[in-house]
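Colleague: Sharing a structure here in structure tokens format.
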Amino acid sequence: MVEIYYHDGDDAVDFRQPHNSGEPVPEQHLAEIGVFYRFCPTQDQVDAVAKERGYKNRDVVAISESTMGEALLPKLQAFYAEHLHEDEEIRYCIDGEGYFDVRDASDDRWIRCRVTPGDLLVLPAGIYHRFTLTDANQITALRLFKDEPKWVAHNRPDADTRPVRKDYLASLATN
Ligand code: KMT
Ligand code: NI
């Protein structure tokens, strides 16, 4: 089951550590920044969410030392660079665990979501986020895409000028 809290902001310590500030974040707050959480114990439930939201594509990624070897660290560094995507995307934890950090709206703090099997997150297009493993060092995740996989990551701050970023910020302003 997901655990959601503010990151302590200490980036000098290994990013796979929990970095729990001790301040929890209610699921409702995630919803306010456009992030939708759902616990899905079966893949049928994942399929239902995907269908409901018009998703057409998916892939499975296994991120660990044994599946990726020397490619793991550069991959993790890329996932951990603050970025956004052009499309809404779903991430579902099949096995293992991971941290999805999403930027809060008002004061730019990181909200950390620790996902374990069955946890599904919908990330809106244009939200700044990053991902890392926990100290368990492995996750197998399903990534769902609306159309063709558009997992190209656009890093901050260059992505600030993208229309998708502006649209995302405009959607917050109307909440
Ligand atoms: C993302 O969008 O940052 C990712 O897909 C991270 C890897 S999914 C476990
Ligand atoms: Ni991403």
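Numbering starts at 1 and runs along the chain as it is shown here.
Using N, Cα and C of the backbone, Cβ positions are placed for all residues, glycine too.
When I checked TrEMBL for this same protein, it listed these features:
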type    : residues                    : note
BINDING : His83, His85, Glu89, His129 : Fe(2+) binding site
BINDING : His83, His85, Glu89, His129 : Ni(2+) binding site
Colleague: Just counting, how many other CB atoms are there within 10 A of the CB of His85 (Fe(2+) binding site)?
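Modeller: If we count other Cβ atoms within 10 Å of His85 (Fe(2+) binding site), we arrive at 20.
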Colleague: Out of these binding-site residues, His83, His129, which one has the fewest other C-beta atoms within 10 Å of its own C-beta?
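Modeller: His83, out of the binding-site residues His83, His129, has the fewest neighbouring Cβ atoms within 10 Å.
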Colleague: In the same chain, which residues outside the set His83, His85, Glu89, His129 have their CB within 8 A of the centroid of the CB atoms that define the Fe(2+) site?
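Modeller: Leaving out the recorded residues gives Leu84, Leu123, Ile127, Tyr128, Trp151, Ala153.
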Colleague: I want to verify one value. Collapsing DSSP to three states, which class is His129 (Fe(2+) binding site)?
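Modeller: His129 (Fe(2+) binding site) sits in a strand per DSSP.
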Colleague: By a simple count, how many Cβ atoms lie within 10 Å of the Cβ of Glu89 (Fe(2+) binding site), its own Cβ left out?
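Modeller: The Cβ of Glu89 (Fe(2+) binding site) has 21 Cβ neighbours within 10 Å.
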